[in-house]
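S.K.: Got a structure for you, questions after.
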C-alpha cells in the first residue's frame, strides 16, 4: 500500500468534506437570516386601534382617494394557493368620514356589475387608480382559480355605490403580477414579484436568491420591460410632482428610488434604502413620505399566509420612510408594530386625516387613530 497516496487521498477528501460543511453552514445561515429567525418585535401603536368590520379575508391593498376621503380595498387574495379557490374575492369601500367612537367601523362591500365579469374567478391583489373624464377608474391585479393573471379595470359609480367592469387585460408580461401604479389613463407600471407559479418554486426562488422579478410599463396597448433581475419587487408608488418611482424589493429588505424617463420606458436609479424588513405595499403621503406594511418575521409570515384560514398569526409592522430633498438618504421610523395578535401579516399603512388603515394579506383590516403626528 502506498502510504503517500493514501495520505493525499484522505487529505483531498478532508478538503472536500470541509468545503461541503462550510457550504451547508452558509446555506443554513442564509435560511436563518432570510426567515428572520431570532428577531424580536415590540408592540406599540400611534393611538387607539380597532378592527374594521367587512373584509375578514384580508385587505391586501388599499387605494386612497384623498379628494373624497375614501379608500378602495382588495380582499380574498389567492396567491400561489389554488386550494384556496373557494375564497370569494371582493372589493370594499372604506369611508374615512364615518364616525369614530363607540360605533363599529365598517368597510362596505362593493357589488361589481358587468356581463363579461367572472366573479367566481376574481381574487384581487394590488390596485391603483386614475381619474378618467371625472370618473375614478381602478386597475386591479387579479389571480383566477388556476392562478392565471390579469388586470381588471373598473369604473366607480358612487350612486350605488358599485364598480362597473370595463375591461380585462392579459399579456405574457404579466408573469406573476403583485402590484401596480397608474401613471396615466389606462397606463400603469406593474411589478412581477417572481417567475415561479407554485409555492415550491417560489420558496426555491427565495432560498437560492434567484432574481426572477421584473417591472413593466403598460402604455395602453403594449408592455415594455423597464427593470429585470430583481429579488421580488413588490410594492410600487409614483410621485408625479417629483417624478420619483418607489419600488420595494422584498427578498433583499430594501426599497429603491428611481427617476422615470419621459416616455416611461426606462428608469435611472437614484438611491436604495435598506429597511431590514420584508416590506410589502407602498403608500405615498402628502408630504412625500412613503409608508409600507412589512413582515418583520418572515418565518411567521410564511406560516400565517400559508394558513390563511387557520389560527396562525404573524408579526406586523408599518414603516415610514422620509427622504431628504435629494432622495439620496432617508430617515426610517416605525409608527406601528405588533406581534400578530392585533393584526396579522400587514401589507400597507394608509394615512388620512390623523387616521391610519393597516391592510393585511388575508386576515382582517385595522384602523388606528393617530394621537399625535409626532409618533409617526
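Even glycines carry a Cβ here, placed using N, Cα and C.
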S.K.: Ranges 16-32, 33-49: which does TrEMBL label transmembrane segment?
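M.R.: Going through 16-32, 33-49 one by one, TrEMBL flags 16-32 as transmembrane segment.
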S.K.: Spatially speaking, which of the recorded positions 49, 125, 368 is closest to residue 281 (Ca(2+) binding site)? Use C-alpha to C-alpha, please.
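M.R.: Going through 49, 125, 368 one by one, the Cα closest to that of residue 281 (Ca(2+) binding site) is 125.
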S.K.: CB neighbours of residue 281 (Ca(2+) binding site) within 10 A?
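M.R.: Residue 281 (Ca(2+) binding site) is surrounded by 28 other Cβ atoms within 10 Å.
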S.K.: Of all the recorded positions given, namely 49, 125, 368, which is spatially nearest to residue 280 (Ca(2+) binding site) at the Cα level?
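M.R.: Nearest candidate: 125.
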S.K.: Would you count the other CB atoms within 10 A of the CB of residue 125 (active site, proton acceptor), including those on all shown protein chains?
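M.R.: 25, counting other Cβ atoms within 10 Å of residue 125 (active site, proton acceptor).
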S.K.: I need the CA-to-CA distance for residue 60 (Ca(2+) binding site) versus residue 125 (active site, proton acceptor), whole Å please.
M.R.: 6
S.K.: Which residue, out of the recorded positions 49, 127, 368, shows the minimum number of other Cβ atoms inside 10 Å of its Cβ in this structure?
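M.R.: Comparing Cβ neighbour counts within 10 Å for the recorded positions 49, 127, 368 gives 49.
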S.K.: Restricting to the recorded positions 49, 125, 368, which ones have a CA within 10 Å of the CA of residue 179 (Ca(2+) binding site)?
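M.R.: Those near residue 179 (Ca(2+) binding site) - Cα within 10 Å - are 125, in sequence order.
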